[in-house]
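A short worksheet on the structure shown next.
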Amino acid sequence: QIPIPSVPAFQPSTPIPERLEAVQRYIRELQYNHTGTQFFEIKKSRPLTGLMDLAKEMTKEALPIKCLEAVILGIYLTNNMTTLDRFPISFKTHFSGNYFRHIVLGVNFGGRYGALGISRREELMYKAPVFRTLSELIFDFEEAYRRCWHTLKKVKLGHCVSHDPHSVEQIEWKHSILDLDKLTREDFRKELERHARDMRLKIGKGTGPPSPTKDRKKDVSSPQRGQASPHRRNSRGDRRPSGEKKPADSKAMPDLSGYQIRV
């Protein structure tokens with residue numbers, strides 16, 4: 001009998017770095033799939049909710065996995081860590097006349113970067129969240145590839161993944177595609193930091209991993225507010241709840257019986 005790994009469970013007081021180590025241990029215990037047969041079919045175009053259902057099935061079957069499955073599983077197991085930003089990082093390398101592809105789940109906690117994943121090589125999977133910048137993390141992977149005699153050719157970076165397991169949006173797998181043959185070392189570093197800045201701005205605007213409150217506000221917004229620009233939407237939202245306009249709206253309600261019935 002082969003023991004089935006237990007899905008990690010955490011106390012609310014468990015620090016995020018310790019949770020990440022436990023998630024990585026679980027992924028490692030499932031073992032890398034060397035059979036040549038893909039046990040779980042993953043379509044990147046599926047909505048997040050469908051991929052999370054697949055991740056739940058992975059935990060039940062407890063079969064060996066490959067790198068893409070490990071990324072989906074990593075997202076599933078960190079969904080309740082709302083202070084953790086998760087984003088996919090893909091690598092394309094060249095060795096002995098052949099090209100190879102690999103993917104990990106980048107993480108950012110407290111301004112420090114790390115990664116979760118699985119690989120045949122120990123140095124190409126887990127990275128503790130200790131890197132001060134995204135470029136430091138990627139350069140560490142590049143050095144690990146160099147030790148394996150691989151030359152890093154391309155890096156694809158996605159945007160942050162929602163923490164809502166029922167979200168119907170798709171994961172953005174390749175927001176930035178960086179071709180190292182066309183970039184100088186300094187330009188490569190600048191592009192990595194630009195992507196990190198874009199992710200911070202996207203989260204700051206509320207378009208990254210959404211909070212339940214923001215989702216509810218979007219759901220109840222009127223068509224006019226939905227069509228307006230973000231700045232106008234915010235300014236209108238600030239004006240409408242004022243105490244001066246509410247009485248005027250309530251007085252006008254009897255004249256808008258059709259609108260009243262629609263509501």
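Glycine is treated like the rest: Cβ placed from N, Cα and C.
Quick look at what TrEMBL lists:
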ACT_SITE  Cys67  active site
ACT_SITE  His102  active site
ACT_SITE  Ser119  active site
COMPBIAS  235-249  compositional bias 'Basic and acidic residues'
REGION    197-263  region 'Disordered'
Those active-site residues listed as Cys67, Ser119, and which of them has the most Cβ atoms within 10 Å of its own Cβ: Cys67
Cβ neighbours of His102 (active site) where a neighbour is any other Cβ within 10 Å: 22
Residue pair Ser119 (active site), Cys67 (active site) - Cα distance, angstrom, rounded: 6
Distance from His102 (active site) back to Cys67 (active site), taken between C-alpha atoms, in Å: 7
